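**Student:** As annotated by Swiss-Prot, compositional bias 'Basic and acidic residues' applies to 305-317, 382-392, 613-628, 1123-1134. Among the features that Swiss-Prot reports, domain 'SAM 1' is placed at 696-762. Per Swiss-Prot, N-acetylglycine is recorded for Gly2, and the stated evidence type is experimental evidence. Taken from Swiss-Prot, the feature phosphothreonine applies to Thr318. Annotation comment: Swiss-Prot describes Ser507, Ser620, Ser624, Ser626, Ser628, Ser647, Ser661, Ser663, Ser677, Ser887 (among others) as phosphoserine. According to Swiss-Prot, the feature repeat 'ANK 2' maps to 112-141.
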Amino acid sequence: MGKEQELLEAARTGHLPAVEKLLSGKRLSSGFGGGGGGGSGGGGGGSGGGGGGLGSSSHPLSSLLSMWRGPNVNCVDSTGYTPLHHAALNGHKDVVEVLLRNDALTNVADSKGCYPLHLAAWKGDAQIVRLLIHQGPSHTRVNEQNNDNETALHCAAQYGHTEVVKVLLEELTDPTMRNNKFETPLDLAALYGRLEVVKMLLNAHPNLLSCNTKKHTPLHLAARNGHKAVVQVLLDAGMDSNYQTEMGSALHEAALFGKTDVVQILLAAGTDVNIKDNHGLTALDTVRELPSQKSQQIAALIEDHMTGKRSTKEVDKTPPPQPPLISSMDSISQKSQGDVEKAVTELIIDFDANAEEEGPYEALYNAISCHSLDSMASGRSSDQDSTNKEAEAAGVKPAGVRPRERPPPPAKPPPDEEEEDHIDKKYFPLTASEVLSMRPRIHGSAAREEDEHPYELLLTAETKKVVLVDGKTKDHRRSSSSRSQDSAEGQDGQVPEQFSGLLHGSSPVCEVGQDPFQLLCTAGQSHPDGSPQQGACHKASMQLEETGVHAPGASQPSALDQSKRVGYLTGLPTTNSRSHPETLTHTASPHPGGAEEGDRSGARSRAPPTSKPKAELKLSRSLSKSDSDLLTCSPTEDATMGSRSESLSNCSIGKKRLEKSPSFASEWDEIEKIMSSIGEGIDFSQERQKISGLRTLEQSVGEWLESIGLQQYESKLLLNGFDDVHFLGSNVMEEQDLRDIGISDPQHRRKLLQAARSLPKVKALGYDGNSPPSVPSWLDSLGLQDYVHSFLSSGYSSIDTVKNLWELELVNVLKVQLLGHRKRIIASLADRPYEEPPQKPPRFSQLRCQDLLSQTSSPLSQNDSCTGRSADLLLPPGDTGRRRHDSLHDPAAPSRAERFRIQEEHREAKLTLRPPSLAAPYAPVQSWQHQPEKLIFESCGYEANYLGSMLIKDLRGTESTQDACAKMRKSTEHMKKIPTIILSITYKGVKFIDASNKNVIAEHEIRNISCAAQDPEDLCTFAYITKDLQTSHHYCHVFSTVDVNLTYEIILTLGQAFEVAYQLALQAQKSRATGASAAEMIETKSSKPVPKPRVGVRKSALEPPDMDQDAQSHASVSWVVDPKPDSKRSLSTN
C-alpha cells in the first residue's frame, strides 16, 4: 500500500511528476508481462522475450517484477477516495488527464456515494467536468446520484457554477431528479439565489415550473430568502404565485421571514392574500402580531393592498438613520467595549491573513491535511461574503473584500443556539455583521455594494428544523392532531367527491360521531423540534425578564459555567470560544455527501469549546449541502418541546444570577431596538418564549392560564387532576380531555393545547435506560405521592407490576379518580401511549388470541353496524366520543375482568411474528416496524395524499399497481389541491380518515388488499389493489407522501398487518379442539424489493433488479392463513 498511498497524496496535492513516475512503473510492469507472453510461447525475441522466459521458470525474478509493478490507479483511501477523486476535487486538471490516460475509472463512488464528477461539479471546474465525461476508459454517467440522491447538477446549481451547469445540460443531465429532501437543481438554485443558474435551467427545461411538491416550490424557497431577482424571473416565466404548500403561498414565506421587497413583488403579481396555510392563517395573520418593525411594515403593506390603496405607508427604501454602533453600546462598561475592540481587531487580522485564499475549499489543498476529508473545515471566504451582506443590511458597506471569479457557496447560517451562546446578548449585543461593519472605520478602504442580503433573518431563533429522532426521520411538518378541528363539529358524514374512489372494495362504514380522531403517533414517526405554533408565539404577555443565556439544544452544554459568567460581568477576556464573536464555528462536512445523518436532519451541535490562540480562530462553515436545512422550514413548525424544556430547566442558575441585574429588561429593550434599526427584522419574541419556558415551569396552573388569557378554566383543570404545570404537556392533556372536563369552546381548547405544547412532556418510564428503583420514587417523580399507599396495599410494589397497569385498574383498584392523574401515570408508561379510549384492553400477552380472532374475517364494522360504531377496538379517542364507554356497555363484548381471569387460567404465549425476511423471502429487512400489540389493540396512523383510484381490467400483479401509479401521478400533476387523508392500519384492515374533519371515509378489509407496491419512478408514490366483493372488480388506490421513508414504512406496516392476522389465525386454529379443514387464504403482493431508504443509499441501490414475470420473481410477499404453520402455499383471492 506504500506506493498507492504515495499516488493518493500526489494526486491530492497536484504533484504531476510524482504521479507520472508512479504510473510509469505500472506501464513498465505491463511491458514485462507482454514480453513474458512471447517468451513463454517460444517465439518471443529480444529482451522482452528473454525476460518473460526467465520469469516463467524463476520465482525470484517473478518476485522482483512484482516489486516493479506500479500502484493500482484506482486504489482508495479510508474515505473511498481514489486518486481521481482527489485530483478532481482539488482542481488538478493535468493530474486528471494523466490518471484518465492510465485507466482511472470515473464510476467509482466514495463512502458518501460521490463520484469524481460530483466533486468537480461542486468545485466548479468545467474543464475537469468535460474531461471526466469525454475521456477515460469508462463512460461517465451524468445522472449518477450520491447517498443523498444528488446529481452533479445539484452540486453545480447549489453553488452557482454556471459553466458547469451549462456543460451538464449539454450532456443531457436530467434536471428533474430530486435529492433526499425532494429538491431539484432548480430548487437549490432558487434557494441560494443563483440567478443565472435559474435562468439557464428554465430556458433549457421550461417544464420544471410544473414539477412541484406539496413541500416547497422554487418560488417559495426564493421568497423565503429574499432573492428578489429570482422571484421576479420565476414569476415572469409563468410560475403560479398562488401555488400552495404546507406553509401556504410564497407570500406566507416572504412575510414570515421579513422579506419586504419580495412581499411587494408578490402583491404586485396578484398573489391572493386570503390564502391560508395548514394552520388556517393568512400571511397577514402570520405577521400581524410579530413585534419587529419589519413585520409591522409588511402587515401594513398587505392591509393597504387588501383595501385597494397604493401603499402610502410603503416601506421607505432608505432605512431610518442608524446610531453608530459604538454609541449604541453606551450601556456597556468601558472594559466590555475594550474587549469588543480587541476582538474586532483580532478578527480582522485573522481575515486579512487569509484574504488571499481562493475559496471555501482551501483546507482541501493543504498538503498536511489528512486523507479523510470528513474532518476538514473550510476557511473564511464564504462566511465573509455572507457577513458582508448582513453588514449591508445594517447600512454599512463592508470593505477589504476581494472580488472572486466564481460565486462562492452560500454561507451556512449560524444556528440559533450557537449564535446566542457565543455572544451573550446582554454584554455583547454585537452580531457578526456588526463586527464587520466596524471594519471600514478601522481600515478606511473602499466598500463594495451588493444588491441582496437574503440571510439577514437567519440569525433569528427557530429558523431551522431540529429533528431529534432516529435516522428514519419522517419530515412531517405538522402532526395531524395539530390541524384545525373546527370543521369536525357537525359533519354530516357524507363522503367528499374526491374520496369516492376509496369506496371501491370498502366495507360499510357507519356514521362517525362529532368528535374528531386523536390519531396515534406511529413508533417510527417523528415531529420536528422547531418553534411553538404561531398562536403560542404571539402572546403579548411575554415579559422581558429572560436571561441573556440562550437555551441550548439537547446536544449542547446546558449552561455557561461560572468562570465564563464572571468573564462577562467583569469584562475580562476569556479563552472560551463562546465569548468571542469570531468563533462562530459550525460542523464541517466537506463534500456533497459529507453531512452525517444528524447534520442532515438539522440537529447540528457545536463542537466543545476549545482554548486556542485567537490568531488561529477562524469563521468556519459547513461545506455540506445540508446547509439548506436551516432554510427549509419556518419558525411556525409544531414543536416537540420535551428536550428543549428539559434543557431550559438546566439554565435556572444562570437565569437567577442574571436577573439580579436591575438593568436586565431595559438592556433587552435596547438590544431589540438596535436589531430593529439595522433592518434585519430579527424577532426576539420566540427566543424569549423559549427562555420563558423556565419561568413557566415555576408558575402555578392559575398563573399559567392567566398568561394565556384563559384563567376562567382554572377550577376545571384543578378539580380534574390537571394541577401541575410540569405535567400538562402534549402527551398528557388532549382535546378530548378538555371536552370531558367541560371546556366546550373549540377556540379555547385549541388555545390551551397550543400553549401546552411548549410545556415539557411527561418522561416515559425508563426513557434514560434506567427504571426508577421503586414505585414510591416513580410516583414522586410524577408528583403523585398521595397514591403510594394505594399502590403498595394493592400489590403494585415493583416497577414490573406497574408496567402491566391499564386504566380500568387505575379507576377500580387503585382509586385514581382524577382524569389528569390517570393521564399522567399512563403517559409515563413508555410502551403504551395514552391515545386510546378509557377502557383500554389488557396487553396482548394477557389476552388469549382466540378471544380476538372470532372477528378476524368479519368486515371491520360488522359487529357494530347496529350501534353506529366502528369495530376497531382501539381507534383513537376522538372517533365516537370515547365510544360511550365502548365494551363496558356492549353486551356482546366480554368484560376486561373476565378476559383477565381467562388469561390467568390459561396463559398464552405472546404472539411471535416471523421476521420480514422469512415471512417474505425477498424482503430486504430483518425486523418489523411495530410491536404486534400496536396493530391488534391500537392502530398505526399515517398521513398521505390520495391521488385517486383506477379500475384494473387486467390484473397482472404488482405490474398493474405500478402502471396505475404512473397514470394517476401524471393525471394529478396539474391539480392545485390534492386531498389529504390519514391511513389507520390495524390487523383487520385500513381505515381512511379525512384529514380535514377526521371523518372515516372508507375501510378496506385486510383480506381484500393485495399487490401493494411503490412507484419505481417516484418512490414517494405507492398503491395497492382492492377487490369489490359486490362487482368482483379490482380497483387500484394510489397515494403519495412527502418522504420516501414514510412510504416505505407504510408498505412495511401493511405487510406486518398481514403477518399479525396470519399468526393470530394460526394460534386460534391450534387452540380449537377440532382443527378447521381449511382457512381462508390471504395474499398480498408487495412491490419489487425496495430496500429501506437510508441516507447512505444511492438511486442505483433503490432500483429493483430485473426479474422474470412469474409470481415469485415479482417478489410476491404472501401472508397465508393456513392450518399448517410451515405451509408455503400461496392462494390468491384475485
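Glycine residues also receive a Cβ, built from the backbone N, Cα and C atoms like all the rest.
Because the structure is a prediction, the values reported are computed rather than measured.
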**Student:** When you scan the chain for residues with a C-beta under 8 Å from the repeat 'ANK 2' (112-141), skipping those not six or more beyond its ends, what do you find?
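**Tutor:** Same-chain residues near the repeat 'ANK 2' (112-141) but 6 or more away: 79-80, 82, 84-85, 87-91, 93, 96-97, 100-101, 103-106, 147-148, 150-153, 155-156, 159, 161, 163-164, 166-168, 171, 361, 406, 591-594, 1096, 1098.
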**Student:** Give me the count of other Cβ atoms within 10 A of the Cβ belonging to the residue listed as 'N-acetylglycine'.
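**Tutor:** Here the count is 7.
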**Student:** With DSSP as the reference, give the number of residues of the domain 'SAM 1' (696-762) in helix, strand and coil.
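**Tutor:** Output for the domain 'SAM 1' (696-762) reads 38 helix, 0 strand, 29 coil.
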**Student:** Average the per-residue pLDDT over the repeat 'ANK 2' (112-141) and send me the rounded value.
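**Tutor:** It averages 90.
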**Student:** Through the lens of DSSP with three states only, how would you label Gly2 (N-acetylglycine)?
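**Tutor:** The three-state answer is helix.
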